[in-house]
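Working notes for the structure below.
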Amino acid sequence: AAGSVPATNQLVDYVVNVGVGSPATTYSLLVDTGSSNTWLGADKSYVKTSTSSATSDKVSVTYGSGSFSGTEYTDTVTLGSLTIPKQSIGVASRDSGFDGVDGILGVGPVDLTVGTLSPHTSTSIPTVTDNLFSQGTIPTNLLAVSFEPTTSESSTNGELTFGATDSSKYTGSITYTPITSTSPASAYWGINQTIRYGSSTSILSSTAGIVDTGTTLTLIASDAFAKYKKATGAVADNNTGLLRLTTAQYANLQSLFFTIGGQTFELTANAQIWPRNLNTAIGGSASSVYLIVGDLGSDSGEGLDFINGLTFLERFYSVYDTTNKRLGLATTSFTTATSN
């Protein structure tokens, strides 16, 4: 049967408690739909038990920010009430860029793991979701994610549900869209979408990008970012690296409309800003307003033109459906929240 695990919003990422071994040691792993290897050892060391078994492989992954390398083991992994025997995990001997987490729970598409093992460079590594399904523990190969906005630096307000959706966590119905055929977004939880600002300003015409719980900001291609910056009147803030608005500009900030799978999802003005009472946590000023839309760093038309990150997903329920090769989104009771 399906099972749910609570997730903690740490402002820049979400983590879940993952048990490894028997008896289990608990690790705090970053929930990442943008990568597919599960690994630990960034903070708390790996504790070997009778269920721990080294394979003959080394494992290494390089991320958008950070990397790790180490040894592959198989071990019993527990996620809430769900148990996964013989799950592959990486045990880091070196890592960089992972403060505040023990490692990553990689729940992206399995093919992203090809090339991460050595010498078995052509072998893929089933994710926790894949194994839960193949071992018959959950009825369908699917992960559903509920994130919510936060006004504190750590809030256990999220939920991962393996094998089902949780209807108490969303409103209306779920809109599904097929995984895009455009490369390189197609290798990830990639979708096609358009973005407009307010009633009529096009920011991004129909294009491919990815939905990624492991990216904090909502990133758009550089040319689209320039249009957004101009439309909002924002200026680049050197202290935070974010766009900054005055309170007067914020009062005039329009919604961003994301059209996905024939449905339009509204990212409200409040959803576009960093939680104001946490401005100082990122080096900002308490009296300013900072935007969570950032510059992807490459122009549109390259096959990965946006990343709908954690800040987007705090406002919508998301479903990562491997069985049907599709991604689902739904509104929630937090879609129009004004807590930021």
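Glycine too: its Cβ is placed from the backbone N, Cα and C atoms.
The model shown is predicted, which means the values in this text are computed figures rather than measured ones.
Annotated features, as they stand in Swiss-Prot:
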DOMAIN    14-330  domain 'Peptidase A1'
ACT_SITE  Asp32  active site
CARBOHYD  Asn192  N-linked glycosylation site
ACT_SITE  Asp212  active site
CARBOHYD  Asn238  N-linked glycosylation site
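Projection of Swiss-Prot feature records onto the structure.
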| residue | record | Cβ contacts under 8 Å, 6 or more apart |
| --- | --- | --- |
| Asp32 | active site | Ile104, Leu105, Gly106, Val107, Gly108, Asp212, Thr213, Gly214 |
| Asn192 | N-linked glycosylation site | Thr177, Thr180, Thr182, Ser206, Thr207, Ala208, Ile260 |
| Asn238 | N-linked glycosylation site | none |
**Request:** Average the per-residue pLDDT over the domain 'Peptidase A1' (14-330) and send me the rounded value.
**Result:** 98
**Item:** Asp212 (active site) CB neighbourhood, other CB atoms within 10 A
**Value:** 25
**Complete:** The correct three-state DSSP answer for Asn238 (N-linked glycosylation site) is coil
